[in-house]
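Undergrad: After the structure tokens below, expect a handful of questions from me.
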Amino acid sequence: MAKDQLEVLHVLDQAKTQLYHFTAVVIAGMGFFTDAYDLFCISLVTKLLGRIYYYVPGSSKPGSLPPNAASAVNGVALCGTLAGQLFFGWLGDKLGRKRVYGITLMLMVGCSIASGLSFGSSPRAVMATLCFFRFWLGFGIGGDYPLSATIMAEYSNKKTRGSFIAAVFAMQGFGILAGGTVAIVLSSIFGALYPAPPFAKDPLGSTVPQADYVWRIILMFGALPAALTYYWRMKMPETPRYTALVAKNAEKTCADMSKVLQVDIPVEKQDLESQNQGKTASFGLFSKEFLRRHGLHLLGTTSTWFLLDIAYYSQNLFQKDIFSAVGWLPAAKSMSGLGELYMISRAQTLIALCGTVPGYWFTVFLIDRIGRFTIQFVGFAFMSVFMFALAIPYHHWTLKENHIGFVVMYGLTFFFANFGPNSTTFVVPAEIFPARLRATCHGISAASGKAGAIVGAFGFLYASQSQDKAKTDPGFPAGIGMRNSLIMLAVINLLGLLLTLLVPESKGKSLEEMSQDYCEEAENNSKSEAAIV
């Protein structure tokens, strides 16, 4: 296949790993650090928001967000992310990856700060402004998915490409960990400076006025790592594959590669231009030719990402509810507002440290050895196994002496999500589609995933409510219960396992070989060789 590629891209595929590859991982990865921090830190502060803004004087329970506010706060950033993935994916193919890369970062920085400055004279106004800014925060986050994946894929050599793309995505693990750590530190500092009694002793005094600063600082902190990498993101040149295959600027392709990867390109400008003409296929996204070549691939990447995110975001966004249901967290009445934030953050940080972060980096180290398909298939399988193991003997895990076992099992579901489909669904769409449609198709796949996340964020909130109406959270109808909700997530993981069969293996293959960018000429060459024989 190498003889059918542009010579410059063959050189890129065979190039040794350079310092620039690691620099690109950090630059792109800081975007995903911020992405994960911003998307998941909201789950840490929702109970505190309920105590601050929705406590009913005289009530026997701490305040909690009403169903519509809880759904909006948890889900609005996901809606923005879905829109951003589609828009910036398309724009990245039209204008180039680099030209729109800085826009997404500035949106994240600005809206992270604005989320913490949400204003209003009533709880409804505060929630409305918070949701407005978090939608646009999600819009910027969404753009980072197709652009970062595509940029990393198009700069990497084929031997280590999977590891580098996965390493960018693995920064999410550190973002989740940082969110929990920041919440622990702030709740500890403010708790020491402004001590408060448990709700059971003093309902009004259990949530100090200064707690209103805590959730705002937590949300705003996500802007810091993204802002620090803005300069270097703007200094990144356009990817050589986009310049060569889409912009068709051969001279710039050679110049950028020589400067960035410190390799000599032994191909003359006129040779590149002659190779560029007439080789790349010209079919569009909605053409029959695309459907024939990549239709099943797109179905595979979209459906598996959709199903994975239903389960993954249900687990992540509502960890606090699952922990409370099995009794791992103390009763809300026995804690102050900041004390509850501390306990929730500690629990989620422990899960991230023991399950989430190791899972990401197992993928980074093994994806180019055992392949994308194997990791995704086995990951879905073990997620199903551990979900069933949590759900079927559910009462067993609610007993106090079994809480440690529950945490271990629950952590393993996160480990195999990240050493599994949560990583591979991000990697594969950046490798298997043509260069001129690569960011668009990755954006479509990622948006499908976020549609699943929205289903998980809104659906699990209602489904996991107790079947006994008297035991549901205020304002919620009776649901199917936590046990049945976990069984449903296990079944969803099994469906993801089956649909993984539609996703091709890209380990050790060039992007042009996977995307069939030059297959028309290859077919002509084959016919010519057959005629000679």
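Note that the numbers count up from 1, one per residue, in the order the chain is shown.
Heads up, the Cβ atoms here are built off N, Cα and C, so glycines get one too.
Copying in the features that TrEMBL gives for the protein in this structure:
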TRANSMEM  20-49  transmembrane segment
DOMAIN    24-508  domain 'Major facilitator superfamily (MFS) profile'
TRANSMEM  69-88  transmembrane segment
TRANSMEM  100-119  transmembrane segment
TRANSMEM  125-143  transmembrane segment
TRANSMEM  164-193  transmembrane segment
TRANSMEM  213-232  transmembrane segment
TRANSMEM  350-367  transmembrane segment
TRANSMEM  373-392  transmembrane segment
TRANSMEM  404-421  transmembrane segment
TRANSMEM  486-504  transmembrane segment
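Relative to the rest of the structure, where do these features sit?
TA: Same-chain neighbours of the transmembrane segment (20-49): 62, 64-65, 70, 73-74, 77-78, 81, 104-105, 108, 112, 115, 127, 134, 137-138, 141, 144-145, 148, 151-152, 155-156, 160, 164, 167-176, 178-180, 182-183, 207, 211, 214-215, 218-219, 221-223, 225-226, 228-229, 232-233, 236, 260-262, 316-320, 332, 337-338, 340-341, 344-345, 348, counting only residues six or more beyond its ends whose CB sits under 8 Å from a CB of the stretch.
Residues of the same chain lying 6 or more positions beyond the ends of the transmembrane segment (69-88) and with a Cβ under 8 Å from any Cβ of it are 38-39, 42-43, 46, 49-50, 54, 100, 103-104, 127, 130-131, 134-147, 313, 317, 439, 443-444, 446-447, 450-451, 453-454, 457-458, 461.
Using a Cβ-Cβ cut-off under 8 Å and counting only residues 6 or more beyond its ends in the same chain, the transmembrane segment (100-119) has close neighbours at 31, 34-35, 38, 84, 88, 91-92, 125-127, 129-130, 133-134, 136-137, 139-144, 147, 151, 215-223, 226-227, 229-230, 233-234, 236.
Residues 21, 24-25, 28-30, 32-38, 40-41, 44-45, 148-149, 152-153, 155-156, 208, 210-211, 213-214, 217-218, 221-222, 316, 336, 338-339, 341-342, 344-346, 348-349, 352-353, 356-357, 359-361, 363-364, 367, 418, 423, 426-427, 430-431 of the same chain lie 6 or more positions beyond the ends of the transmembrane segment (164-193) yet place their CB under 8 Å from a CB of it.
Tertiary neighbourhood of the transmembrane segment (350-367): same-chain residues 162-163, 166-167, 169-170, 172-174, 176-177, 180, 319, 375, 407, 410-420, 422-424, 427, 507, selected by CB-CB distance under 8 Å and a gap of 6+ residues from either end.
Counting residues 6+ beyond its ends, the transmembrane segment (404-421) has Cβ neighbours under 8 Å at 170, 173, 304-305, 308, 311-312, 315, 322, 326, 328, 350-352, 354-360, 362-363, 366, 375-376, 378-380, 382-383, 386-387, 389-390, 397, 496, 500 in the same chain.
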Undergrad: Against the transmembrane segment (486-504), which of these stretches has the most C-beta pairs under 8 Å: 125-143, 213-232, 373-392?
TA: 373-392
Undergrad: Other than its close neighbours in sequence, what residues sit by the transmembrane segment (125-143), given a CB gap under 8 Å and a spacing of at least six beyond its ends?
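TA: Contacts with the transmembrane segment (125-143): 34-35, 38-39, 42, 49, 53, 69, 72-73, 76-89, 91-92, 100, 103-108, 111-112, 114-115, 118-119, 443, 446-447, 450.
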